[in-house]
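S.K.: Following this message is one structure expressed as structure tokens.
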Amino acid sequence: MSEDIQAGLAEILEEVAGVAPADATPEKSFTEDLDVDSLSMVEIATAVEDKFGVAIPDDELGNIKTVGDAMSYIQKNQG
Amino acid sequence: MSIRLPAGAPGARVLGLGGYRPRRRVTNDELAQVMETNDEWIQSRVGIAERRWASDDETLVEMSVAAGGKALAASGLSPDEVDLVILASASLTEPIPGIGPQVAYRLGIPRPGAFDLNAGCAGFCYALESASAAIRAGSARNVLVVGVERLTDVVDKTDRSTAVIFADGAGAAVVGASEEPGIGPVAWGSDGDQFSAIEIAAGTGTMTMAGQAVYRWATTRLTDTLLLAMESAGVDPKDIDVFAPHQANLRIVESMTKRLGFGEDVVVARDVVQSGNTSAASIPLALTALMESGEAKSGDLALVLGYGAGLTFAGQVLTLP
């Protein structure tokens, strides 16, 4: 399950921000390690919403700092 | 006793466009001297290379008169043929009196209906629909529409989240009657639940923007509006020659272009690169630039969309003059 989420996230990260899939590991910070800017975070959020069927409101988006944060958010909120 | 109404015109179209860009060009390198930013940071996030900042003498009225005069000249009309002036702006720091009447007076337009309109960055498209509707209803023959901003009066010039983006300028259009409609039905609306996404909070005098929220809204919620503007005008997306959305951020322009499936054959306005975000002035400025460069030509079918503070949005299809 969490492998599927990680792989799906990696796909989105590669498409939106050009992050190599091997770099999309749970401990990585989007902004610090992966050089994802705030608007790309929005694009990642909307892509995650479409792919995983979860809603990420703007105020929740600010709490998602790492790939692992995103993975657990998806896991927790997936129907 | 019944009330009589005028006949009105079958359609309205844009007869002439004009713009005014402030003299002072501000590069990203200049901004990097006063705030924590650099050219690469700005270009990658908002796609802006430079913008124009108005000097003291380039007031809202002066810039409006300059742009309006050019649009009038381009339309071939004389001032006395204009009977309505609609001035769209979100940056009147002293809103009494509205400046529409003064701009009309300065242009020699004799005693027209004149008013200011604030629909944020969507102001130009709201004003265009108001002009078109007035002509079709018979309450005006020819209308001068102006979008004008001095956003540098309301941004903190050291705040990199707004100062790199917002700028100054004016754009104008003269709209007149036509047998064949040259302005399609408006697709407009508002999302007032997000009223605070772009605001000058009470007592601050300084504009703030929730960049992520606005970016998400613009890239996900407005595609349907664009499709509706084309559909209600009976125009297929493949018939569009020019796409000129509000010049807020190059990444939003590119995202909308991609979502609409516009290819290389559609001329896309990217004036934000040179002008920054000039709010209600951005669409007429962008169209003027495309026509001056020859990228867009008379008779081309353009899709325009304004969107911004409110949050408000309005889009339509129009034939370029």
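Keep in mind that glycine also has a Cβ here, set from the backbone N, Cα and C atoms.
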S.K.: Looking at B:217-221, B:247-251, B:272-276, B:312-316, I want to know which stretch TrEMBL calls region 'ACP-binding'.
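M.R.: Comparing B:217-221, B:247-251, B:272-276, B:312-316 with TrEMBL, region 'ACP-binding' matches B:247-251.
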S.K.: Rounded to a whole angstrom, what is the C-alpha distance between B:His246 (active site) and B:Cys121 (active site)?
M.R.: 7
S.K.: Would you mind splitting the domain 'Beta-ketoacyl-[acyl-carrier-protein] synthase III N-terminal' (B:115-192) into helix, strand and coil residue counts from DSSP?
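M.R.: The counts are 19 helix, 31 strand, 28 coil.
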S.K.: Residues with Cβ closer than 8 Å to the Cβ of B:Cys121 (active site), same chain and 6+ apart in sequence?
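M.R.: In sequence order, the residues whose Cβ lies under 8 Å from that of B:Cys121 (active site) (at least 6 apart) are B:Ala90, B:His246, B:Ala248, B:Asn277, B:Ser279, B:Ala280, B:Ser282, B:Gly306, B:Tyr307, B:Gly308, B:Ala309, B:Thr312.
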